[in-house]
Structure formats: structure tokens, C-alpha cells
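Asks: The structure under discussion is supplied below as C-alpha cells; questions concerning it will follow.
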Amino acid sequence: MARPLLWLALLCASLTFTACAGIRLELVHVDARENRTVAERVRRATERTHRRLASMGEVTAPVRWVETQYIAEYLIGDPPQRAEAIIDTGSNLIWTQCAACRPAGGCFSQNLSFYDPSRSRTVQPVACNGTACALGSETQCTRDRSACAVLTAYGAGAIAGVLGTEVFTFGSQNASLAFGCVTASRLTPGSLDGASGIIGLGRGALSLVSQLGDTKFSYCLTPYFSDAVNTSRLFVGASAGLGGNTPVTSVPFVKNPSDDLFGTFYFLPLAGITVGKAKLNVPAAAFDLRQVAPGNWAGTLIDSGSPFTSLVDVAYQALRAELARQLGTSLVPPPARGLDLCVARGDAGKLVPPLVLHFGSGGGAASDVVVPPENYWAPVDDTTACMVVFSSARPNATLPINETTIIGNYMQQNMHLLYDLGNGVLSFQPADCSAM
């Protein structure tokens, strides 16, 4: 029988866990390994954004999101086997494809060899009555109650397998974690960009942060167009913290709804947006967390897995109109379908105003986050730069996604974000992420 997993109740010193000093991981953008042009990168990120948005509109059961963009390498088992995972704040489960996974079962190709549990001395199955099997909706007993199964749906498909515990090594630190050994998949080909699986950083009990018993993690994402030489960073536990002399803006998380899916996400109290010196005429209620249908919630969330930001439509239309007014005759026709406002590439840095995101009621500098032009406009070809903020009310969008605002990872570039779960606060600090 699997040993009971008591990490949620035990102190760090008593865990089968030697990473009390904290975990530090290098993150590689999925497009950095291939010699893609700027236009190809923006096109791929736009496609991922729309697929990510579409996934939430398909919610009929506990559904997680995929299409994230940053990959971390780690070791699993003893002796160790190499694996790669997508890092995702929008889901909980840690999983990797296993050697029993076959193409006939829908399993996809990956950059590294499949994890083979038969080669490991430390892997253990989790029994149906094991503690870990009751920690989340991603797990359930098999019909004959002989094992604990994992079954999770994403916008790009679904995965299935069995729950086990195994030793994971992140750099010089290791931990015994519950994970999904995936033996069947129905994910859209290419949706994981060659990674072996996913490491969830959501608010559920099976996420990496929850299993480690940590109360904070942080990451710093290098700009899209420089990460081929400069990797991003993820810090978990004691290694997660802010430093330097740049100002810090701290924002409280909004209390999550009890519905399982929406309890995973990191909702924020966005109250308004300013473009340059003009505050948009958008009611704060448009960004509030609210129930829009039975079991469906809309609001404002921050997500490491959405490339570009999407705004609830009333805010998007106000932003578009104000930018069109300010940019005037400098606007040029979009070079590709799906883009809206564009200027000559050489003019973007001089003409496009910064955004200010106002958090919490009452405003004030302490709750404002400044978004520089390069974090919401992108070069799309050799001569043109365009706004890469979209409306959540995309064609065929349904509740709750068409009422949801998502702050994507492009808007988070060169920003050190500290998720302080113990105090319920998200902190933003401008940073040179390539220097961390």
C-alpha cells in the first residue's frame, strides 16, 4: 500500500523533502529552441491565445487549460530520468507521459524519452484509499478500486493514467511528489510543444506549491524576443522573493469561488485602466469576480499560460477607441488577419502610451501597475508593430470566457511576480529578468 501523504499537515523538516532552501528552475520559451522569425512567434502566440480562450468556453466538467509557453527540465526517479514540463498557473496536476503510453492510445511525441517507472527504485502507486487520491477532482478510484486513476480535461483534449509518488529532482533539490503517470492522451498534436507533461502551479492540493507545503513562488519572464539567449526563472519556497531598488506594487488576491475549476485560478481585483493620461470609462464591475451562470464564474485573473492579454469586451472597445484617438493618423493597416491597431514598427516605442492597471477600490499609486508599450504591442513583421490585446468576446465565445479578463504572460515580461499565498497577495516588481 502506498505510504500516506501527509505533506499538507507536516512541517518541512519532517517531509520526505530536501528542498527546504527552495527550488530554482530555468524556464525556456517553447519557441526559443527553433529559429523562428519575430512574425512567426507573434502568430503562434496569437493562435495559442485564442485556443486558450476557447478552452474555457467549453467547460462542462472540471476542465484545465493547456497551451502555456514556458518549459522547465527536471529529473524523475532513481536512477534519474530526464523530463520536461510545461509550467502552468492555471492547473494543478503534475504529470508526465509514461513508457506504457502508446501512439494507439493517443500519446504524443516528446523531446525526451518517456519516463519508465520499471527503471525506478522510488516510484510507488497510490492506493484507492490513499490520502493523495482524495486531494483533488483530477483523481478518482478505478471501478475495481484497485488503483487511483487520474483523468483531467484541457481545452486541447484530455489525459488519463494512474496516480503515483516519485522522487523529483529540481536542480540540486529533490522532493517526493504525487504525480500522474499518463498512459492515454487525447491532446491536440503539438499542444505541449515537445514537453513530457505539465507541472501545475494552481491553488489546488495536488499542485507543486501545495505539495511542497510552500506558501510562495515567483517567476520572472524574459522578453519574448530575447529568450533564445536569456532564460526565464521560476522560484518556489525559500528562494522566492523580491529584491533590488525598483518599486513594488502589491495586490490582494480575490477570494476564489468554491466551484472546483474556478478555485484553481488566481483572481485579481482589477478596477480600471488608464491609457497614457486618459482613464477609460469602464465600470469597475466589468472586471469583478461574479457568477455568470450556474457553476460558471467570470472576473479578472492572471495566467502564466495565456500568451496575450484579453479584456472583457467593454474594456477592449474603450481601449481600442482611446488608442485610435491618441495615435490618429499614425495608424497603418494591419498586415495580417486577427490584428487590429498597428503603427510603423519604428514608431511604436515613441508613439504608443503606457497602460496603467488600477487594482482595488479607491485607486492610488500603491495599487497601480504600469505596463510599458513593449508589453502590450509587438513587432509582427519587419515594418509593423500591432497591439496584442484582444477582446474576450471573440466569435463564438460563450460564458464565462466572454466575460473574463486574463492578464497574459506577454504583459508580464521583465516583471518579477511574487505569489505570496500565505498572505494572499500578488506583488509586481519591474526587473531585468535576464540578469536573475
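Each residue's number is its place along the chain shown, starting with 1.
Here the Cβ of each residue, glycine as well, is placed from N, Cα and C on the backbone.
Curation does not apply to TrEMBL; its annotations are automatic.
Here TrEMBL flags Asp88, Asp303 as active site. The domain 'Peptidase A1' annotation in TrEMBL covers 70-429. Marked as signal peptide by TrEMBL: 1-20.
So where do these features actually land, and what's packed around them?
Replies: Per-residue pLDDT, averaged along the domain 'Peptidase A1' (70-429), amounts to 92 for this model.
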Asks: At the Cα level, what's the spacing in Å between Asp88 (active site) and Asp303 (active site), rounded?
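Replies: Here the two Cα atoms are 8 Å apart.
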Asks: These are the active-site residues: Asp88, Asp303. Which one scores highest on other Cβ atoms within 10 Å?
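Replies: It comes out as Asp88.
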